[in-house]
Amino acid sequence: MAKDVEGPDGFQTRDYEDPPPTPFFDAEELTKWSLYRAVIAEFVATLLFLYVTVLTVIGYKIQSDTKAGGVDCGGVGILGIAWAFGGMIFILVYCTAGISGGHINPAVTFGLFLARKVSLIRAVLYMVAQCLGAICGVGFVKAFQSSHYVNYGGGANFLADGYNTGTGLAAEIIGTFVLVYTVFSATDPKRNARDSHVPVLAPLPIGFAVFMVHLATIPITGTGINPARSFGAAVIFNKSKPWDDHWIFWVGPFIGATIAAFYHQFVLRASGSKSLGSFRSAANV
């Protein structure tokens, strides 16, 4: 909540007060169409995200497979894959931010839930929609390119040879921390009020964070940082290796999101103590 005031540098700025935290459990939300519209938006966005990105991964493997007539440097490469993931997040967050918040990732939803930005009901429904959307998105890839999908790994996440479990888990924790920390920073209403004279396009830094994390972690885990993305690919590909390593792509992102949420709320923002107090008061009701 803010009102326009004159800043010391002559810019128009805003006098700001933190909005109240979202109720922990809001049963009334279930009666509102806006909730279901947002859930549908999350489902469709995650479906499109997985469809385009998994197609990109498989296309790169086809074009770089020398046994199938490809060339060593064929296809988009790791850089192109990173652009595909980051670019799709930029596009989809831009399209859905005004409807659902543009989460497209259970780890992002979980982090925002911990910070009291979304209710428990909304968080659970979002995560279910994201996982179902991911399954459908990868399912479309397999339906349209069945032989290539099976032969080239199905875009599934697993720990690469030469890396131990600790390295893979750390990559997922740190990568998700970067993403969720960026989400909090880009969408911080206090920042928007303070820097109201600076046009900010929140999806841009979020998409760029995804791009940068993919460059760093594709060689290690194929880059999860999104449990729905890893889950959808594992369900449709359904091989032992992705399932054996699958826990990494839930535990790592959720730990990373938790650290990012608490760092932003309790270290960077003075509102952290208020959020903790609201959690305690909600538990005593």
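Just so you know, glycine gets a Cβ as well, placed from its N, Cα and C.
Taken straight from Swiss-Prot:
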COMPBIAS  1-17  compositional bias 'Basic and acidic residues'
REGION    1-21  region 'Disordered'
TOPO_DOM  2-37  topological domain 'Cytoplasmic'
TOPO_DOM  59-81  topological domain 'Extracellular'
TOPO_DOM  103-123  topological domain 'Cytoplasmic'
TOPO_DOM  145-165  topological domain 'Extracellular'
TOPO_DOM  187-199  topological domain 'Cytoplasmic'
TOPO_DOM  221-247  topological domain 'Extracellular'
TOPO_DOM  269-285  topological domain 'Cytoplasmic'
TRANSMEM  38-58  transmembrane segment
TRANSMEM  82-102  transmembrane segment
TRANSMEM  124-144  transmembrane segment
TRANSMEM  166-186  transmembrane segment
TRANSMEM  200-220  transmembrane segment
TRANSMEM  248-268  transmembrane segment
Range from 38-58, 82-102, 124-144, 166-186, 200-220 with most C-beta pairs under 8 A to the transmembrane segment (248-268): 166-186
Beyond the flanks of the transmembrane segment (166-186) by at least 6 residues, Cβ under 8 Å: 105, 107-108, 111-112, 115, 159, 200, 202-203, 205-206, 209-210, 212-213, 216-217, 220-221, 223-225, 245, 248-249, 251-257, 259-261, 263-264
Folded-back contacts onto the topological domain 'Extracellular' (145-165), same chain, C-beta under 8 angstroms, at least six residues removed: 50, 53-55, 57-58, 61-62, 65, 138, 219-224, 229-230, 233-234, 236-237, 239, 241-242, 244-246, 248-249
Overall pLDDT of the topological domain 'Extracellular' (145-165), taken as the mean: 92
Residues of the parent chain within Cβ reach of the transmembrane segment (38-58), under 8 Å, 6 or more residues beyond its termini: 76, 80-81, 84-85, 88-89, 92, 95-96, 99-104, 122, 125-126, 129-134, 136-138, 140-141, 145, 148-149, 152-155, 228-229, 232-233
Counts of helix, strand and coil residues, the topological domain 'Extracellular' (221-247), according to DSSP: 17 helix, 0 strand, 10 coil
DSSP-derived helix, strand and coil totals, residue by residue, for the topological domain 'Cytoplasmic' (103-123): 13 helix, 0 strand, 8 coil
Surrounding residues of the topological domain 'Extracellular' (221-247) on its own chain - C-beta under 8 Å, 6+ positions past either end: 46, 49-50, 53-54, 85, 104-107, 127, 130-131, 133-139, 141-142, 149, 153-160, 163, 168, 171-172, 175-176, 179, 210, 213-214, 253-254, 256
Tertiary contacts of the topological domain 'Cytoplasmic' (103-123) (same chain, 6+ residues out, Cβ under 8 Å): 21-27, 29-30, 35, 38, 42, 45-46, 49, 89, 92-93, 96, 130-131, 176, 179-180, 183-184, 225-229, 253-254, 256-258, 260-262, 264-265, 275, 278-279
